[in-house]
Structure formats: structure tokens, C-alpha cells
Amino acid sequence: VLVVGGVTTVGGRARGAGAENVKLQAHGTRRPVAAVAAGMRRSEWSCRAPLGPGRRHKAEAMAEAAAAAGGTRAGVGVADQDRDPERYRASRRLQVLSGHLLGRPGEALSTNECKARRTASEATAEPAATPAAQESGIIPKKRQEVMKWNGWGYNDSKFFLNKKGHFELTGKRYALSGMILPVFKEWIQKALGVNLDHKTTSKASVNPSDTPPSIVNEDFLRDLKKTNISYSQEAVDRVFRAHACHDDVVKIVNLACKYNLCIIPIGGGTSVSYGVMCPPDETRTIISLDTSQMNRILWVDENNLTAHVEAGITGQELERQLKESGYCTGHEPDSLEFSTLGGWVSTRASGMKKNIYGNIEDLVVHIKMVTPRGIIEKSCKGPRMSTGPDIHHFIMGSEGILGVITEATVKIRPIPEYQKYGSVAFPNFEQGVACLREIAKQRCAPASIRLMDNEQFQFGHALKPQVSSIFTSFLEGLKKFYITKFKGFDPNQISVATLLFEGDREKVLQHEKQVYDIAAKFGGLAAGEDNGQRGYLLTYVIAYIRDLALEYYVIGESFETSVPWDRVVDLCRNVKERIIRECKEKGVQFAPLSTCRVTQTYDAGACVYFYFAFNYRGISDPLSVFEQTECILKHFDFFFPVGKLRKQWLKESISDVGYGMLKSVKEYVDPNNIFGNRNLL
């Protein structure tokens, strides 16, 4: 595998150099302009728009004047506009002038500023929330410096057993970080049969000698060097990655076609279906085309509420940058921290707040993809077209087999004025499902609503941190007494719905009352904001728990499906029972964890998300048992992509004719299988 990428070109900034982008708009057209006000060195300026010494110095002087007028080197914010409008207008005029000097001739500029981005070194950390309190969501070129090579997430975040025998989460990125979890040890021992004295050790780092020798096409490498696109042949980088703009992608794809090489695009690397794994029998040079350095918002159009964004940006970085301008996309898949915009599009991703913001197919306005045949994109930027099948639907869900998504225009919204969590406890799962069905029928679902079964409720409860005072402990005990003794709820049957409301404060409060009134008709009791927030917290730490469990001989997986409303309860019961039965028949000595939640609601049905895990101590071939158990779940494909893991069932899922149509598109767009990750087909 040859890892390519990591350069900064047209209008871009060299990472860590302090260079930033200011986007300006005039006459309804848009283009990015490099901002010398951000301190960019001359060597880092756009290679496409060289300036003579006189123009360059003049631009620098004007940009410095703009910075002085605005009181900041990174652009002028809304607060400056309100405080000193004359100063603000003066600085904006200077910025436009400096932008004209830096821009390419003949192209109109944009006067609608997309606030300049801070570099990772300049950014200030935000308070711990969801998902992580960190300076930047940008994945570095050498991701192993920040992220684990042998597990999920950040190097500085992991669960460990402290000296007092309690589990803690290291680091400072999450709400649970540094907190003691007094009941988690008991839960993991009881639910998974974990013996803390029996522990496996994971490999601390990659040994370059363990990687197979690379297969490199020397002619390709010679031509690649001429493009000045960075690449790496180091063994460790071959396990990881790095890359930088649309034009670079075009060059790389053209070279791959010239020499008949294989390209596997990679963004955040969060695929759970082997989507970015190299086919073991591929004999060509494999280019791991990394998009992580394509992480800029190219422009924001406040009139039409859209943003044009490079496809390698991570979800948390996209939201962080938009937040600086007062906007958001609202798209929050469980992998928000590390998954990328391009990954969302290529896998038809869904987000937990789809009730307000929609799924990715509802958010995307325009997509640009580089293929072996050329660039695919619509000529019309309008919200809808009736000119035949929507070309976007050839791209969405294509999982990297047709080309590389480089840019996309997405809908944005002002950041909601008010956000509030909530939760409802039901006597049992069945009544909870009936409540969610009624909420969907009345079309009054909050931004997010999830219903946990009893096993998952207890799982989440086990992550409850140590209480800070006797009074708090007393209140918690009183609540438990009220629900279990006074209301008669069985602790082993309770099901809990977590809620998230967003929007105008007054409307949120009205909406909240409507939802709680419906819940009461199904025996539901309001269970507080803290329980609601804790339920969503599980989303961001579950993979760290998976890694912890692996150290104690526990292997697990998540899967999901969408199902009509009248089959939700039966499906949940049957799948959980089948998992337990399969594990027992295959010699698993400890009872498996088998749990689910209704994670999204629709008019005609719901999405159900399952977790299963088992302790494999005493089993000679645990992977075989795991894979055989997984095979019974072959049709579970609502959120997760098909990849290589489930492709043997795709034809059955979409019919022979549908499969043939997809294959025909692949053969036309990529006749030599340049994009040869072998997903889907």
C-alpha cells in the first residue's frame, strides 16, 4: 500500500503554519481567497495564483490593515460588527481589496465571510461535552500520533482499573473522563462473566517488520513525484494514512488509470464492514488515498443556508467550524468524532437527530466525485431536479467503488437557541414501543428519541459516576424507591427512552409537554434530564468499552435493521433469544450480552440497534463462533454499509435486476476496477 496525500494547494493553508482562509462573496458567486491576514508565509501561498513582489507586498499591507481595523488577525466577528459598525465596515472593505489582489483574475469574489479557521495550535479547547473536548477535530497526517492503531479513538482515552478497584476513563475529552465508575466493575463481571484475573494484552505498537513487503509501481512513483503530492512508503504509514484537494485527487486518479493501479479511498476509517481493508489477493500497487487533509469549509452561503465543504472533514470539525459562524448541519451519526463528510455520503449515513435535520440524503445539495471516467457532478445547484434519475443516488451508498468524493454542498441551519435532554421510564419494553409508535403517528418526535431495553438500561446505569454528596445519593435512592416501590416498576423489566429537544425555547417546552403527555398514557414516568444525557453518553464511549472488554476475553459487535412497527417487539425478542441460543449451542460457557434499542422512528417503522458480546474463555476458535453467530444477522443493514462483510447478501436484498444495474454502472464508470476495494459487488 502506498499512502498518498498531505499537501496544501490552491487557496489552502499549510497545517500548523498559522495560515487561514477567509471566504468573501459578491454578485452571487463564490470562490475561496487565501487570507494573508492569518500570517501565511509566502512559500505557503496558492501555487495557482502567483503574485509579483509588488502585488504581494501590497496585499500583505492591506491584510495587516484589515486585521488592525478588526482587532484580530483571523477576521472580524459579529461581536465586532455590533460594537463598532464603522470599524467593522472599514475592515471588511480592506479584506475584500486584499482578496481581489490574491484572487485569480476574472473571477468574482464573495463578500459573505466564512469565519477564518484557527489552526490546531491556536484553537482553544471547549468544555467536555459530546463528543470530545479537544482543540481540533482534524485528523493529523500521521494519525497514529493521536489515534489508536489497535482500537477505537484517541490514544489518551481508555478505561482502566484504578488502585481502589474501580474503573476510570483516562484523558479529558469526555464527560466521563477522570470520573470513578463505582458499579461498572460489578456489571461487567455479572453481565459478561469477566474475571479480572484473566487478562489478555494487546500489541502496543506496529512493528514494521511484521508488515508484508510493499508492491510499488516505480513508473507511477516517478510520475507522482513530479506532481509534488506527498506520499509515504513507510511501513507504519502503510497501516495508517494522509492527502489535500480536489485537483490532487484528479492527478492521482489519472496516474492510477495510466498504470492500472488500485485505489482505496479512506477518510476517518470508522467502517465496521471491512470497507477500507485491502483485498488480500490484490496484486497491483494499492494507493491508500487519504482525504483527511481535505478539511476546509470552502464557503458558506447565508442567503441559501448552504455550505460547500471538502469531503475529508470530520463531523466534529465541520460542526466546530460552522459553530463559529452560528450554524450547524445537525447531522450526528454515532461516529461523529472521526467519520467524514465523504464517508457519510458514500455510505448513506444517518444521524441521531434526523427528526429535525434529516439523513445525509436530505442534507446534500451537491456532490463532486472523481472517477476513472472523469468528474461526476450536477450542473444545477438547485434544491431539486426532475431530469431523470437523481445522479446523487448513484454516488450515495457507492462505498468507494466508483470514485472519490472530494467536495459536497450541504444544508446548514442556525444553531438552535435551546437544547434540553429528557428521559421517560416505562414499566416494560412493549409499552415503550407503543409510546414511540404513537409519537411517530402524531409526527411530534423530538430531535432524537431512543428506547433502551432493560439490559441496555442497566448497561447505561453501570456507567453512572460516583455521586458527589450524601444529599445527591439520598435523592437518587428516593427516585429509585418511588419508581420501584411506589409505582411498582420491576427493575428487571424497566425500559427507558432518552430524549433530546432542540429549537426555540418556548416551542421546545411545548413540545416537551406534548411528548410527556403521550408517554403518560403508556405508563411512562419522567425520569429526568441527567438520565437522558447519560443515555446519549453511551454512544461515545461504547467503543472504548469494547476495547476494554477485549482485554478480558470478551468479543462483541453491533448491528441494526429497520422494521415495520408491527414487527418491532417480535424482532427484538426473537433476535436476542436467537443470539443466546446460538452461543449456547456453539459452546460459549458464559451467558452472552444481548441487548437492543429502538434508535429512530419513522412513519412506517423504526430502526432497531443491537449489541451482542460473549466471553470466549475456554473456546478454541472464538472467531469462528463469532462469525457463525453473525451470519444469522445477514439482513441487518439500515445504518451500516454493506462493505465486504455483508456483500454476499446484497443481491438477495436488492434483487437480481437491481444488482445487475449496480454492476453495469460500475463497469461503465470504472471498467478496469481502479477503485478496487471490492465493496458491495
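Every residue, even glycine, has its Cβ placed from backbone N, Cα and C.
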Item to complete: For the region 'Disordered' entry in TrEMBL, name the matching range from 107-135, 136-164, 368-396.
Response: 107-135
Worksheet item: In DSSP terms, helix, strand or coil for ARG546 (substrate binding site)?
Response: helix
Worksheet item: Which one of these binding-site residues, PRO265, GLY269, has the sparsest Cβ neighbourhood, judged by other Cβ atoms within 10 angstroms?
Response: GLY269
Worksheet item: Counting distance between Cα atoms, which of the binding-site residues PRO265, ALA349, ARG546 is nearest ARG450 (site 'Important for enzyme activity')?
Response: ALA349
Response to the item:
Model confidence for the domain 'FAD-binding PCMH-type' (232-415), as mean pLDDT, reads 90
Worksheet entry | Count of other CB atoms lying within 10 Å of the CB belonging to SER335 (FAD binding site) | 24
Practice prompt. Tell me the Cβ contacts of ILE401 (FAD binding site) under 8 Å, same chain only and six or more apart in sequence, or just say none.
Written response: LYS666, ASP670, PHE675, ASN677, ARG678, ASN679, LEU680, LEU681
Fill in: Pairwise Cα distance for ARG546 (substrate binding site)/ILE405 (FAD binding site) [Å, integer]
31
Worksheet entry | Between TYR609 (active site, proton donor/acceptor) and GLY269 (FAD binding site): CA-CA distance (Å) | 21
Worksheet item: How big is the Cα-to-Cα gap, in Å, between TYR609 (active site, proton donor/acceptor) and SER335 (FAD binding site)?
Response: 14
